[in-house]
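Participant: So that we are looking at the same thing, I have put the structure below in structure tokens.
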Amino acid sequence: MSLGSELFRDVAIVFSQEEWQWLAPAQRDLYRDVMLETYSNLVSLGLAVSKPDVISFLEQGKEPWMVERVVSGGLCPVLESRYDTKELFPKQHVYEVESPQWEIMESLTSYGLECSSFQDDWECRNQFDRQQGNPDRHFHQMIIRHEEMPTFDQHASLTFYQKIHTREKPFGYNKCRKDFWQKELLINHQGIYTNEKPYKCKECGKAFKYGSRLIQHENIHSGKKPYECKECGKAFNSGSNFIQHQRVHTGEKPYECKDCEKAFSRSSQLIEHQRTHTGEKPYQCKECGKAFNRISHLKVHYRIHTGEKPYACKECGKTFSHRSQLIQHQTVHTGRKLYECKECGKAFNQGSTLIRHQRIHTGEKPYECKVCGKAFRVSSQLKQHQRIHTGEKPYQCKVCGRAFKRVSHLTVHYRIHTGEKPYECKECGKAFSHCSQLIHHQVIHTEKKPYEYKECEKTLSHDSTTVQPQRMHNRETHVNIINVEKPSISSYPLLIIREFMLASNHMNGSNGESPLA
């Protein structure tokens, strides 16, 4: 057996008929990709590999045990009786071996490996001759499953064919009581139950369960990209990535969601999408326990805890934890905005941002709270809102342990410990930790007192101080003021004012919990 054929047999992933029936369509497609990729890798490495029947089947889109060529003249009576009584699996098929493998079958005949009735029942042998109509071109019939299918080679082990015809399966696995013809098939099957990874990369030490994965991984170190797209010239280091890329040009989306009929070009995209229906979040942060439906989201989230910022701007050196943040920042240097709103002309550097912006014009609010029915334009707003019902506070201060519902609130709070004051007054140079504090300070320079209390017409510089004079006139707890002259500060978002309230409560030693926490 050639080195290539032996390696393919060693690394090929094999499923029995029973296992195949349990696989989902996406998993079957993944199996096809891996098997075809394994064979392509061996060929690209210059190893002589005679194409196995299973590869031919997969290339034609057939199931691994699809009949390649049905015997027209019937079966040997012994095999036919086994087939009719369903002693064998119903989807097992007959394979005929003829020239140029005739020399092999000739040697098998000399060892008495033909149908067992051939030794004593010459009528059975004559029936074979009559089937083919040519006594000089004998065919040897075997009923075998995909996992038992041999690659006929003049140097193949005679014992292997004996085991096929006698249906002997000497390699058993105690965990599932399954038996196999070959030791390699047993090893592959054991990989389903164990985490053993026998194939190790010599460059970086990374280990893999299957040899085909190692071959694909080694292309990363060598820089080899043997799969090139004829449409655009883009090259890939794995056959599966190449196949997925081709769907960009063809528009093919073979993976469809049964719940909403949305289609995808990759099986992994469908699996991730289905979690939006099931609510499954299998990836959990070890630091704070927050769970995600995609591992990429977990990796990005984890940078909050590690402080990692892997994306650096080449222009100014500023670093970011998200790639999208870097792209957005780069527009400061380029001034380029790719996505423009047709309604108002506002431009954005990300398509997703434009989509969210357009909902302002359409009024669309696709994200609805299941508890109270409130709807939101952006999914992140819904997540923040849901914490009102759940009481979840995923963002915790490492210094004092205080927890917050929003990461922006944690960022503002953390300045109490660091002493950071990023907001500076241009008039006097005084610095503040909160933007809202700077806004209130600037009133001193403008000498504006825009808030008037209607009972005594006393004017104040900001509305929080109206509470005290109000209590002089009545016992009501509600603030009753008239905004006489709205300064520019009214344009600042409510969040800034709420941040100031949070800081004020903390600095005043309030024991009550802030509504923001």
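For all residues, glycine too, the Cβ spot is worked out from N, Cα and C.
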Participant: To which of the residue ranges 71-93, 255-277, 462-484 does Swiss-Prot assign the term zinc finger?
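Facilitator: Feature zinc finger in Swiss-Prot: residues 255-277.
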Participant: How about long-range neighbours of the zinc finger (283-305): same chain, 6 or more residues beyond its ends, C-beta under 8 Å?
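Facilitator: For the zinc finger (283-305), the list is 272, 275-276, 321-322, 394-396, 407.
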Participant: Between 0 and 100, where does the mean pLDDT of the zinc finger (255-277) sit?
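Facilitator: Here the predicted model's pLDDT, averaged over the zinc finger (255-277), is 86.
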Participant: If you count Cβ pairs under 8 Å, which stretch among 255-277, 339-361, 367-389 touches the zinc finger (311-333) the most?
Facilitator: 339-361
Participant: Could you give the residue numbers and ranges of same-chain residues that sit at least 6 residues beyond the zinc finger (339-361) on either side and whose C-beta is under 8 angstroms from one of its C-beta atoms?
Facilitator: 324, 327-328, 330-331, 377-378
